[in-house]
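**Student:** Could you have a look at this structure, given as structure tokens, before my questions?
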Ligand SMILES: *[C@@H]1O[C@H](CO)[C@@H](O)[C@H](O)[C@H]1NC(C)=O
């Protein structure tokens, strides 16, 4: 085969693989791996666990969480965000060693946070990484599609070398292991998987100037795809750090390939609204930035 045919064949294989992955994931009911954190009015398990609606109203926020904690693997979910006037709402999908409770000095966290907006205005997707208690790594992008129209996948590939944030199949952000440069990396404790929908209007909308419009309540965000392809941490993390032939430890997943680097650079050029790496005012520019942007 010529190289064009080869690329085409690879694309077909990837598409089929993605379809299979979606099928198997949607077959795992919510209750197999997750449980509601708020009552049945606010965490609505639908169609036998096929999908879950988080419902925010004036009485309560809404949330669910994984039953296990995980260390390395591929973790993600299909999400359909609050339609219409969602200004002030925050839909969060995140991994945390602390479950968003009391934050220990060594807590690890990887976040997708979707900041709602007025009808017709674009959502902002904010991501962040905390490693050993150190965060302050916000990036904000706009999305190239309407995230309220249908489910899109938001996922993380996480192994000893790299954390890749994906929107569908597109890498939007990378956080590499830079321990050699004294940058902590999340690699020694399990994280739970959390989703929540809450009133973030105190900070999410232009510094709190746009309050949430409760007349538009209830606000509903939907989630599906509850399979987890990651190493579940039992009593010890050793089984996950040993790298016993898990696919995410194989060489091809240790870094982005050339095509993915092109995709990431395209995101950076067209969609980044804010990046801590270029925030000279807060002066958070650190040694990790150049390698995470493939400069
Ligand atoms: C809402 O959209 C406008 C652009 O139309 C943008 O300037 C603003 O930052 C957005 N707000 C949020 C909270 O995403």
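Along the chain as shown, the residues are counted starting at 1.
Here the Cβ of each residue, glycine as well, is placed from N, Cα and C on the backbone.
Bear in mind that TrEMBL entries carry predicted annotations, made automatically and left uncurated.
I grabbed these lines from TrEMBL:
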- 1-26: signal peptide (SIGNAL)
- 109: active site, nucleophile (ACT_SITE)
- 113: active site, proton donor (ACT_SITE)
- 117: N-linked glycosylation site (CARBOHYD)
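Relative to the rest of the structure, where do these features sit?
**Tutor:** In the structure as shown, the Cβ atom of residue 109 (active site, nucleophile) sits within 10 Å of 21 other Cβ atoms.
In the three-state DSSP assignment, the secondary structure recorded for residue 113 (active site, proton donor) is strand. Just so you know, the Cβ of residue 113 (active site, proton donor) picks up 19 other Cβ atoms within 10 Å once every protein chain is counted.
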**Student:** Taking only the Cα atoms, work out how far residue 117 (N-linked glycosylation site) lies from residue 109 (active site, nucleophile), in Å, as a whole number.
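**Tutor:** Residue 117 (N-linked glycosylation site) and residue 109 (active site, nucleophile) have their Cα atoms 25 Å apart.
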**Student:** Listed recorded positions: 109, 113, 117. Which have a CB under 6 angstroms from an atom of ligand 1?
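**Tutor:** The qualifying recorded positions are 117.
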